[in-house]
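Going by TrEMBL, these are the annotated features:
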REGION    B:1-31  region 'Disordered'
COMPBIAS  B:1-11  compositional bias 'Polar residues'
COMPBIAS  B:13-22  compositional bias 'Pro residues'
TRANSMEM  B:47-67  transmembrane segment
DOMAIN    B:111-304  domain 'ABC transmembrane type-1'
TRANSMEM  B:115-141  transmembrane segment
TRANSMEM  B:153-172  transmembrane segment
TRANSMEM  B:178-197  transmembrane segment
TRANSMEM  B:228-250  transmembrane segment
TRANSMEM  B:286-307  transmembrane segment
């Protein structure tokens, strides 16, 4: 699944600030939460881009902006060369057929008062041109089968299914319009580990079957490593490292990525001794008031004066094969396990 | 996690699943929806059957009272002052009231006005309050602020005083006194439904399935009618059925103050307020219409309960 064709999704300098206001009648803006602050990447057909980062780094906001559920403050999101971030009305509705989403919590993402048939069939009710009315029920049953559920359960309600089965229903709903891109916002983090594997494998199978491109957002590094072709690491609204999964995991260049990887549990007791542990000090700074220059400098052991003055750009740096945003980037295998 | 396994936790086709399933889901061939499933379920609930029968009897009573009694209380010749407050007897099983009229016949004939006022006011407050509440809760912002301030104005008016004002001001105009009572009670009653609907919608709208519907491209109407309304209806149904009795009783208060239903029209409220001056000497003329009122309120509360439960798939 190497990126071959031109990108199906192009994100450029995407910024989403949430204004902080004060006052009841006359609202004055006194600042902004810089949830996403200048993110750029490409996504190719059939490819999986993993986005990792800790809570509050802007992953979910990024997903909402990509889905045009939130309007970006600035920047652009292009699907097959067409701008979705500023599309409206019928144009936006047509573009939504190409980008769909699988949500994190399978318990709240399905309307408890709709049958599974109505939930998965809703995309066809909204986009009536996709399937003629008489075919919809059959299509829903096909989708149930595709995601590994019993098509006879079409008249059941969400509460009659387990968490993993509900997530499959959510995936079937996402597939209904035959999109080319699916944004998965932490699709397995609410599930048991054994069920996680099944859902991940289902996502991989569907990718092969329908040539889907995934944006796979997660905080679990090992899940992302399993499914992603490329990985982007986010910190405080910015991508700090972006590269092929092998590059990012085996040769991390950014100190934050190295610290993240050093915290991944190693199952092998032999290698565990060799691993370095990098313990970061403090909490991430507030996204309302991020540090000047490099955002990671307040917790970085390599930080020097330049880090406070000049913002490091996400680019390929000497000695590394992939993009990273650090003035002192150098590859460093923290895990030491082949 | 190497190759793709067929999911193990999926139920194999035709295998018996754990908990017994509601009957409607067994007919997998036919499309099901919330409302059709709710109807299937309702028909099997004893509480629904009992309340439906009670309400049916009351409605028949309101439409054709002469089926239940041979005495026409609208005919003044049936009243005899000399027999005022007489106890139950063969011909007058509930006894006679202060004016010597038959309490049973008046209770039967009073059903029409009382039911009309109770049901119309409940429907009107639920529709108006529900619609405004749905829109305000969903759109938020300016819509919400305007609607909420408007309801606060109505909340600030003491209800009996406000209803008295409305009913007295337009009295003698083209509208009948019953229509005026309905309008007055609706104007003062809808803010309660509005608040409950708005709060329920705000809770529902923060859930992920609304975001998912937006991501699919669903319009405002679809999100409100298909996603928010079914999930916000339960508390409104409960409050509406409880209010129904309150409205019938409020009509009594207005009648007592002389602006509601007035003699020679008959309503339970009017009968109760007429009888209460002499309650200690003759309790029956008050108790019988009050029992009719209580049974009506109980029937609607049971109906509301059954509908609310039927609309929740988890309770089926």
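Using the three backbone atoms N, Cα and C, a Cβ is placed for every residue, glycine included.
Note: TrEMBL annotation is automatic and uncurated.
Counted over residue pairs separated by six or more positions, the transmembrane segment (B:153-172) shares fewer than 3 Cβ pairs under 8 angstroms with the transmembrane segment (B:115-141), which leaves the two as not touching. Distant neighbours of the transmembrane segment (B:286-307): 38, 42, 45, 47-48, 50-52, 54-55, 58, 94, 103-104, 106-107, 110-111, 114-115, 118, 122, 237-238, 240-242, 244-245, 248-249, 268-269, 271-272, 275-276, 279; these residues of the same chain sit at least 6 beyond its ends, with a Cβ under 8 Å from one of its Cβ atoms. Distant neighbours of the transmembrane segment (B:228-250): 34, 114, 117-119, 121-122, 125-126, 129-130, 133-134, 137-138, 159-160, 163, 185, 189, 192-193, 196-197, 199-201, 203-205, 207, 210, 268-269, 293-294, 296-297, 300-301, 303-305, 307-308, 311-312; these residues of the same chain sit at least 6 beyond its ends, with a Cβ under 8 Å from one of its Cβ atoms. Sequence-distant neighbours of the transmembrane segment (B:47-67) (same chain, 6+ residues past either end, Cβ-Cβ under 8 Å): 105, 108-109, 111-112, 115-116, 295-296, 298-300, 302-303, 305-307, 310.
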